[in-house]
């Protein structure tokens, strides 16, 4: 039986990728259907109760700049906000927020249910309708068929999902949810390369059984950061601290003594896990020289007693999990309310996708999220938005769009995936972007909102606020450029008080702001340059644009040079362990692949453009640079 109305776009799955995809397609005016096995779990945080972090926060800001949902949702659900790397340069500063799971899910569902052009329907999907290598619809569990011009698959870990706790395992999409077996089998019949990955989650602890009095507190920042360019701190709920404990030798002994009961070490799990979010058993074995690991005790919400112990993801048996938890300070009497587990699932080789996230083999079929081999809510949301907007464009018979590497971390993400693929869960870091000085959190709107408007993703309210901000930035830059202070003027003493050496010649506000140690806030408190902007975002942008102008110009030159090095040959017998500055991951992959050129090296999954830059500098210093004819 066919549903009475056809749709332009169908989204299968209501996680972080699916919800962004559905919102994007609907915002662009296309009739959109979101199919989910359970409406109550739309936007659910399956693992850690947090949004953002290094590289990840950048993606959230970019999703927001394109009119997406995630930043708005976390502003209404975040119970602790921090700026990571606050003491470092603006390129690597990143926002992170602890979330109240219930508030986050509510914010997502409210947005979905109030989005025009979007219908939500609760039914698991078991099949796709494919005609002449083109997807034209989907079939649900009860045999109901929906027709559409484009379909987006955002099924997370549900495809043939298998949950492991110790040596026991069972089918599941995540704890408490069934897997998607029939759809997995159907997709395996299509001309797509499929493999298995694994991820895990820690046990959840009853907060009433933890002695917080002996633990260090970690508070959020003041003033409280805001994620969305449309948000404000007044939207945040009550703010609460996290707590810190540590594993110890007793913890590590428990783990080492029970490795034979670990599904990973017993060879039961075939899928490869995330390198940068390893299980506690992996950490203990890989970093045997460390006698402790830091564990963050993160509240799951304002109305919940559950605590997420960030850092002890595990698939060891439940009795071992209890021993691990109770071996740590403050946790001696702790009770587990949900066991930790590992989950294996199908993912599809993203090299089979176009940069728009459309399949190269099935027209109109788009993939986003963990099905593409990524890990993390933020990576999923970014892909979901891109897949949703391109599914909408496909259904309207328009060309697809994907950002370049120099435009967005989203561009880095999809280029890495579609060009190099991945053999392990892919996570975003600032180090993956060679243009990171230009791809900052603070300028995500300046980079992407205009394009979002052209694509139909950005509404009138956001567009108006964006243009007001642009005008304030430009007006203030011109004011500082044209406001001068003379070394003989009466007001110069006020200026000299903030300088390492007194002014010897006339200087503009821009000249002074470029000086080391001078901030915009200091500058506009001086009589010649007062008053300053009362818009903190615009003020930050003025300072960064002026201070980093020269660095950005130099980075552009470096980019051009790097492109000329495409055919630079690499020594055949080079041991990459000699190259200082490369990560262990990159060293292992270069030594394994032994690429013949820089160009070939740059296409190896996991070898970042930043690593290529390090390698080029090292080769030049060693006098080993050779170019092919």
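The backbone N, Cα and C atoms fix where each Cβ goes, and this holds for glycine too.
Here Swiss-Prot flags 13, 14, 15, 16, 17, 18, 125, 180, 370 as FAD binding site, drawing on sequence analysis. Within its own chain, residue 15 (FAD binding site) has 43, 44, 46, 154, 156, 369, 380 as residues 6 or more apart in sequence whose C-beta sits under 8 angstroms from its own. The DSSP secondary structure for residue 15 (FAD binding site) is coil.
DSSP assigns residue 283 (NAD(+) binding site) to a helix. What Swiss-Prot lists as NAD(+) binding site is 273-287.
Working note on the binding-site residues 17, 125, 285: by count of other C-beta atoms within 10 Å of each C-beta, 17 ranks first. If you measure from the Cα atom of residue 273 (NAD(+) binding site) to that of residue 125 (FAD binding site), you get 27 Å. Note: the CA-CA distance between residue 279 (NAD(+) binding site) and residue 13 (FAD binding site) rounds to 27 Å.
The separation of residue 275 (NAD(+) binding site) from residue 13 (FAD binding site), Cα to Cα, is 26 Å. Looking at residue 281 (NAD(+) binding site) and residue 370 (FAD binding site), their Cα atoms lie 23 Å from each other. DSSP gives residue 370 (FAD binding site) a helix state.
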